[in-house]
Amino acid sequence: MCFPKTNIILVFSALNGAFVLPSQLKLVQDLLESYDRKAKPTWDNNRPINVTFSMDLYQILELNEPQQYILLNAWIIERWHDEFLYWNPDDYNNITEIRLPHDSIWLPDTTLYNSLVMKDDDTRRLLNAKLTTNATRRAALIELLYPTIYKFSCLLNLQFFPFDIQVCTMTFSSWTYDNKGIDYLSFSDTIGTSNYLENEGWYILKTTVKRKEVKYSCCPNKYTLLKLTLYLRRKPLFYLVNLIIPTSIITLIAIVGFFTTSSASGMREEKVSLGITTLLSMSILMLMVSDQMPTTSTFIPLIGWFILGMIVVISIGTLASSVVIAVQKRGRLGERLTERAVRFAKVFSYISLTDVPPHLKKGTKENMEAPPATDAYRKSGRISSKLSSVNRGMVFADAKMSWVSALKKAKTQPQNFNGVTMVSDKSTDMLMSASTISDDLSSQAAMAPVSAIGGKIAVVPTGLPPIPPPPPAAVMQLTPCEDDTSQAESDNPDSSRPPTARPGRASKTNMVSHLNMFTGNVKQSRHLAQQEYEWLATVVERCCFIIFVFAFLLITCGINVIGFLHWLAVEEAIFERDD
């Protein structure tokens, strides 16, 4: 059977012949005998109770950017004087200090105004209160110490994220008493940080505690507010390592890949796919940043501008690489650069440290041997087609003349058929003459389109219809007969016609040589055109590389510089405001 401790004491006291209570027990009984915790502990009801408030910060548990709140652990101490709990230490064996449960005495209804938790038991854990008698004021000093976990709203300014400085304020006051009932005072001008556990993401710049009286429209009297402010600076190392540096490396690699002067396939088509892949990786990084940002349309954070700038650089770089591909492929057409384009390209080649092709440098051997860029290829298609028709007409004319020579030879020489010599009859001379005249006319008709006058090519129009050319086999077989005809005429002593030179032969040879030279110049011009456009593409690439690297460095360094300047400006403003 279990007996209360008080009963045991009474039993022992009775046995000793005297009924005496312990001093502490007698003090507690005397204090709480007529005490009512529902009444404000002042003899003068018009006089307010002064509550001194202090907080010692222990740990910042969370600072949530999307929902904009702070979760922290702190130790709170509230002090006030209770006039109903005063005792004289001489009456109680000089006891000056006792502890009572918190639910047995009057407590101020101190409330965190911007708290996100409505239930008081989830916010703080109240234990015992410490009572110390004060003979001067004839009241007992109450000290209530309790741990808390506060979750309160804080409007975060993430415009300079991750180089931001946040200012978060907690507002404490009574919810039911105005300053005529409870007047709050601050124990210190700062929040205690002697037991603070350093947060990995935030550094405390400064803390302040200020008292302020506010008049609300609902109430006739003012309320006394205590504003406890935390000045926090973010540690940006995590975001530098996981967002800014990877984004910078990806962008720099993409720029180098866009504007390198060589590739495995000789062309640059794979650079477009490189740009698309880089944009996809940037979008993933952008999603990582957006998950940590609040849904707002009032501003774009600094890191958002950074990633957006990198996306713009990569997008424009992809378009620029497409332009370079188009310039390089234009060289396949064979049309060389104009003089104005060459002058502009030379200026930018000096800036980008690109070597000029040797045939574009004045005074070099390649420049002297290169064909002119004006009419070398632009009119070569029309001229080469005309020269091809001219050459074809000359070949067909030679073939016809060889055919006529063979007929004349058959006319003047006897023919052998199976050992029998056939001599031409005079009766067939008229037919042969007619055939000869017809052949001569055909030969003249064939030679009419081409004539050589002074070493130049001229087309002589005739009224005769064109003669269909002989088959290629006949041309190949009859062409050597020209030498035989000349040999037969030289061997025939009866021939009274003196040997005459053929005026079209020299002109034909000259034309063939010019045609071969022109064809070689056209091929060389096409090769030089490819070199020039390859050189122009290289100049464009290097200039774009310089521009995009400069833009990359400007954006990347600008983030750090702007963030650092923001740190300096805000820190100076914070400390100057306190001064």
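Using the three backbone atoms N, Cα and C, a Cβ is placed for every residue, glycine included.
Predicted automatically and left uncurated, TrEMBL annotations should be read as such.
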Of 272-290, 443-461, the range TrEMBL labels transmembrane segment: 272-290
Same-chain residues at least 6 beyond the ends of the transmembrane segment (272-290) whose Cβ lies under 8 Å from its Cβ atoms: 243, 246-247, 250-251, 254, 257-258, 301, 303-304, 307-308, 310-311, 314-315, 317-318, 321-322, 325
Residues of the domain 'Neurotransmitter-gated ion-channel transmembrane' (243-376) by DSSP state, where helix covers H, G and I: 91 helix, 0 strand, 43 coil
